[in-house]
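Annotated in Swiss-Prot:
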type: BINDING; residues: ASP303, ASP307; note: Mg(2+) 2 binding site
type: BINDING; residues: ASP303, ASP307; note: Mg(2+) 1 binding site
type: BINDING; residues: ASP447, GLU455; note: Mg(2+) 3 binding site
type: MOTIF; residues: 303-307; note: motif 'DDXXD motif'
Amino acid sequence: MDSPTTQRPNMEIGRAFVNYHPSIWGEHFIAASPDVMRLDAHKGRGEELKEVVRNMFSTVNDPLLKMNLIDAIQRLGVAYHFEMEIDKALGQMYDDHINGKDDGFDLQTLALQFRLLRQQGYNVSSGVFAKFKDDEGNFSSILSKDTHGLLSLYEAAFLGTHGDDILDEAITFTTVHLKSTLPHVSAPLTKLVELALEIPLHRRMERLQTRFYISIYEEDRERNDVLLEFSKLEFLRLQSLHQRELRDISLWWKEMDLLAKLPFTRDRVLEGYFWTVGVYFEPHYSRARMIMTKMIAFATVMDDTYDVYGTLEELELLTATIERWNRGDMDQLPDYMKVIFIALLDGVDATEDDLTGEGKSYRIYYLKEAVKDLAKAYLAEARWVSSGYVPTSEEYMKVALISAVYPMLFVAFLIGMDEVVTKEVLEWAIHMPTMLRTCSIVARLMDDIPSNKLEQERKHVSSSVECYMKEHGTSYHESIQKLREMVASGWKDINKECLKPTPVPTAVINVILNFTRVLEIIYQHRDGYTDASVETKEHIASLFVDPIPL
């Protein structure tokens, strides 16, 4: 693959420039074609298996077996086929819990029930785990020998909210004992423990979890072979759909030809699509994925313009032009910014045309407002850089909540969804609801932690790390630890917002939840969007390139 300097024209002398690596994938997804004939041959088999799985909800009566069935269905990525059945089963399970029918459950069963119910929005008390403590108020040492129970409690504990102190204790207790027992357990339990200790299930991107779990479940002697076969066929079917979407988005990006005109920006459109699959991978969210992917591409161009290439004077002009949103009012912009503005307007106009036929053109107003807010936040940071100002943590977060891009991307995804998104939902979304605010804080902090040292090697807006260090007089490592604690606290806030009753439909709430899950993957080891050459490359290959053997 050519280097960036041979692929792109020389930059204007005196301009800032970051040598981002070129696209990992190039035109791979334009040239690749899904094996449609193979998929068609299995279509009938998939429908047959789906109905067999559906019947299991009425034939499986044992509480633990039904919990294991629901857990496996969710982990294997096929739960969207059985939403009504799962909702009914968990509703009955909650009623049984209220009536004390779970008093005799062991640790593994009770923790699994707690996790499934909290995931469904039921506010089950964490006090149910008190019976596993000894007379001194600590978790009983006998539990250390129950690896399945420890893992079940560990996974459940990450659905805690503020005040669930016993779940904080459970995380500490189970982490210590799972690490110590890991060398002594065998597959597939070993792999489940390793994955959990890396990123707990509740915080893991669902589609990647499915890819991992299919391989793990295949090794489970107690697996349900019908469910396993169905999940494999479904994975391949959706992989084919995602490949077609990647082809369409790659062709769109190629036709835009922005890299030739704006060589300073990152080429990460496929990584942006990966992000959207982490939000919702199901077929009926296809349009939302496409809209959000395009808006990620535009946001990346804007970010690199404000952060790296543009002068402050130019950025002031661009921001004012975006605020006016008038195609005939851009003469004052330098040529390269005209390219940006026209591309942005063309993209939003195309989305509006698509929505107009369904009577949903009113949604575009909210997207435009979100883009304007993003531009203003980027400009505020550019002004800080220009003046050398280090803001307070409060000043920084007020702007960074918007520049983290999530408020705009949230709206972008919503406008592509079905009738569950109403004008009232969009009004709620545009006014920074608590859950979105928390997600944006977590996003900014998780971005700043791995990106900090790299970005500070050049002139860049002070990150939350620098702001915290200056304001509190702490060391770098102390500040990083504090930010990690803030991320953990943010997750508790998010968990609380997911409990019933929610202010908007669960499908909308889950967009924010899944956004936050993607962050755990993208920023686990580095800024995996900017440097997409390692883990992100592997993740994309596992979801969209490598097939699962039947």
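Cβ atoms here come from the backbone N, Cα and C positions, even for glycine.
A distance of 14 Å separates the Cα atom of ASP303 (Mg(2+) 2 binding site) from that of ASP447 (Mg(2+) 3 binding site). Sequence-distant contacts of ASP447 (Mg(2+) 3 binding site), defined by Cβ-Cβ distance under 8 angstroms and a gap of at least six in the same chain, are ALA404, LEU519, TYR523, ASP527. This prediction places the mean pLDDT of the motif 'DDXXD motif' (303-307) at 96. Cβ crowding, taken as the number of other Cβ atoms within 10 Å, peaks at ASP307 among the binding-site residues ASP303, ASP307. For the motif 'DDXXD motif' (303-307), the DSSP-based tally of helix, strand and coil residues reads 5 helix, 0 strand, 0 coil.
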